[in-house]
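**Q** Next up is a structure, given as structure tokens.
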Amino acid sequence: MNRLGSIKLPPLAAAVNVAGQTFRQIIPDRSGTREEQPGERVHFAQINQNHTSHGGTSDEHHEMSNMKSTNPFLNMQETNLEAEDSFNEAGYQKESRQSRMSSVDFSETSDFVEGKSDIKINEYQAAWNVTNAIQGMFIVSLPFAVLRGGYWAIAAMVGIAYICCYTGKILVECLYEFDIQTGRQVRVRDSYVSIAKECFGKKYGAKIVNIAQIIELLMTCILYVVVCGDLMIGTFPEGAIDTRSWMMVVGIFLIPLAFLKSLKSVSLLSFWCTMAHIFINAIIIGYCLLYIGDWGWGKVKWHLDLENFPISLGVIVFSYTSQIFLPTLEGNMEDPSKFQWMLDWSHVWAAVFKALFGYICFLTFQNDTQQVITNNLPSAGFKGLVNLCLVVKALLSYPLPYYAACELLERAFFRGKPKTPFPTIWALDGELKVWGLAARIGVVVFTILMACFIPHFAILMGFIGSFTGTMLSFIWPCYFHLKLKREGMDSRTVAFDYFIISLGILFGVIGIIDSGRALINAFSIGLPF
């Protein structure tokens, strides 16, 4: 009994506070607002009051500085520490209001968190994810682009890398505003959606960008499944399994991705995807070096084939698109100041790899270069080995767009009533609820079924992606930059932004026309699936 008497009970106020927080997390507030949870605090920056925007005045800007991930119970270990200090919450809020930042509750119109997870990633892990996005499956078509475009294609691989790196930087720059009291840039927006809401208005901005992002991400996931099926049937052309069956077999290996809970896990998969990419490059370039004496140095064209080069240019353009992931990556970095360094070197190495790979492979196979370079490999065994490596690369490329798509779908549908139609998919222990896991598995199954049953999906994606891809990666970042940062920009930067917008429109129109033509021909001729 003496031992029991020595046990200190927690303060009554702390116990009541924890019980109240748990109740509010399980049962949403019917008033349309959500109580502020520990660690989920939105700060308003004291920025220039003369700045106005289409979405409202500057007091609507907010800094997502200490935000949790979409799983609100990811770090329940911190709850006890927070409960002990919870009786000081009122005093803390009073002190905060006296500082340059003021704490406020989330409202129904507030942006949900994108990025700022407790599980941070360093600049190298962020680089693996960017590399995963910009070193995709398009690599096998780059030698064919050199066949069509010659040295102009190689120049495009370098120039487009610079442009996409630039648009990525200005997109993240639009997340920040200058704080006149501290003289520093403060993160006042948290996502691509919040930037669109600021520039397009609250009524349609979020919906437009959300729809474009979800379409782009899901179609990318579906394309990876389609590519896996095509590669497997190319490896085993005489087998009893057809293309659609291979897609279903490959899909079995994608179902465990439903358990992904953090960007750090995705970064690990992206790292191995990069390793697979390097291995594939090493195998093919190593083979090409064996025939260096027969390289056709004079076969690379200097003149521009205006009839065929635009098609290859589209392949180069869409092989560099990563802007859709960048706000989340920057928000989850341990040191966001290293974001630009990470983005610069990711695109520099991507440009070097792509230019060398396309150039060396074309020099080897010259005018016999196929649209997919693996078809040029001599033996069935060697071709099969490379194809299997490409399948592994495609499977490891799938998690990044899948994870991003699930995050967007969770914010749109699974934040709890009245904000969204459905409750949260996360249980109190930080794990997915059974039906939440089923919903994530459903996304995987959806991508597999779409790959299996939509005819000519690769061409259809080229048609739709020509619009969503150019908007998300070229046109919208520059438009947002001009809208939000025009006052501090010099004339050269303004002109460069308009130039990129013009390029984006040109690439989009060319892609839509070319893909539309191919789609019409595929259905009219009756090409097989």
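Each Cβ is built from the backbone N, Cα and C atoms, and glycine gets one as well.
All TrEMBL annotations are machine predictions without curation.
Features from TrEMBL:
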| type | residues | note |
| --- | --- | --- |
| DOMAIN | 124-513 | domain 'Amino acid transporter transmembrane' |
| REGION | 48-70 | region 'Disordered' |
| TRANSMEM | 151-172 | transmembrane segment |
| TRANSMEM | 211-233 | transmembrane segment |
| TRANSMEM | 245-263 | transmembrane segment |
| TRANSMEM | 275-297 | transmembrane segment |
| TRANSMEM | 341-365 | transmembrane segment |
| TRANSMEM | 437-457 | transmembrane segment |
| TRANSMEM | 463-482 | transmembrane segment |
| TRANSMEM | 494-513 | transmembrane segment |
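How buried are these features, and what lies next to them?
**A** Taking Cβ pairs closer than 8 Å, the transmembrane segment (151-172) reaches residues 134, 142, 145, 192, 195, 300-302, 304, 309, 312-313, 316-317, 320-323, 326-327, 330, 339-340, 343-344, 346-348, 350-351, 354-355, 358-359, 473-474, 477-478, 480-481, 485, 496-497, 500, 503 in its own chain, all 6 or more past its ends.
Here the transmembrane segment (245-263) has Cβ contacts under 8 Å with residues 69, 71, 74, 117, 119, 121, 129, 225-226, 228-229, 232-233, 328-329, 332, 391, 395, 398-399, 402-403, 406, 430, 432, 437, 440-441, 443-445, 447-448, 451-452 of the same chain, all six or more residues outside its ends.
Residues 123-124, 126-127, 130-131, 134-135, 139, 142-143, 145-147, 153-154, 157-158, 161-162, 164-165, 168-169, 281, 284-285, 287-289, 291, 294-297, 299-300, 316, 319-320, 326, 333, 373, 376 of the same chain lie 6 or more positions beyond the ends of the transmembrane segment (341-365) yet place their CB under 8 Å from a CB of it.
Within its own chain, the transmembrane segment (494-513) has Cβ neighbours under 8 Å at 163, 166-167, 170, 310-311, 313-314, 317-318, 462-463, 465-467, 469-471, 473-475, 478-479, 481-482, 486, counting only residues six or more beyond its boundaries.
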**Q** Give me the stretch from 275-297, 437-457, 463-482 with the greatest number of Cβ pairs under 8 Å to the transmembrane segment (211-233).
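**A** Out of the listed stretches, 437-457 contacts the transmembrane segment (211-233) most.
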